[in-house]
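Chemist: Okay, here's the structure, questions in a sec.
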Amino acid sequence: MSTKKRRLLKVIILGDSGVGKTSLMNQYVQKKFTKEYKATIGADFLTKEIEVDDKKVTMQIWDTAGQERFQSLGSAFYRGADCCVLVFDVNNAKSFDDLDNWRDEFIIQAGPPDPDNFPFMVLGNKIDENGGSSRQVSEKKAKAWCASKGSIPYFETSAKEDINVEAAFTCITRNALRNEKEEELFMPDAVDMNTTATQRKRAGCC
């Protein structure tokens, strides 16, 4: 009886300070939420073992500091990433406007071979805040930005109320696995002559 190979996926979470990156990570991995998180210094990560589409996966989720003074640490943390999650607070327009900077910073620091097809994900967090009355970024506006960047999958989330957190990270995992498989098609030492290569396309939502 053969043993399934376990894949290690490195996921980077980026966004301004205070948008809920640490809360999302902890809600997904540990199923808990607290308001007492201290600001992340540098970077931290948690791991979670899951099975998606009959594949065993170890998720290594990196939560990086949102402060500009820590962006210079990026190259060491971003390299080898299989997926990048961009997070903004729907109640903070500036955090949404800064997504362009975070995406560009990741591409510069991580240097993915095919940036246009690298699996990004965008999460609009804190949709529960004040019953939605303090919202500054509409779902329509967020989806339009994602569409302009190559149809990046978008989820609206609440780390506090555990809304869409599991679904978002499951989609993240699938897109990262799909990207990993497609990249293998371009690696001479990884070509399986018995496998028919499927047409490459932008990873969508699950």
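Note that Cβ sites are derived from N, Cα and C of the backbone, with glycine treated the same way.
Just so it is clear, the model here is predicted, and its values are computed rather than measured.
Take a look at what Swiss-Prot says about it:
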type	residues	note
BINDING	15-22, 63-67, 125-128	GTP binding site
MOTIF	37-45	motif 'Effector region'
LIPID	Cys205	S-geranylgeranyl cysteine
LIPID	Cys206	S-geranylgeranyl cysteine
Chemist: Here are some binding-site residues: Gly15, Gly18. Which one has the most Cβ atoms within 10 Å of its Cβ?
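Modeler: Of the binding-site residues Gly15, Gly18, the highest Cβ count within 10 Å belongs to Gly15.
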Chemist: Taking the Cβ of Ile127 (GTP binding site) as the centre, count every other Cβ atom within 10 Å, in any protein chain shown.
Modeler: 21
Chemist: Where does Ile127 (GTP binding site) sit in DSSP terms: helix, strand, or coil?
Modeler: coil
Chemist: Should Lys21 (GTP binding site) be counted as helix, strand, or coil on the basis of DSSP?
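Modeler: DSSP call for Lys21 (GTP binding site): helix.
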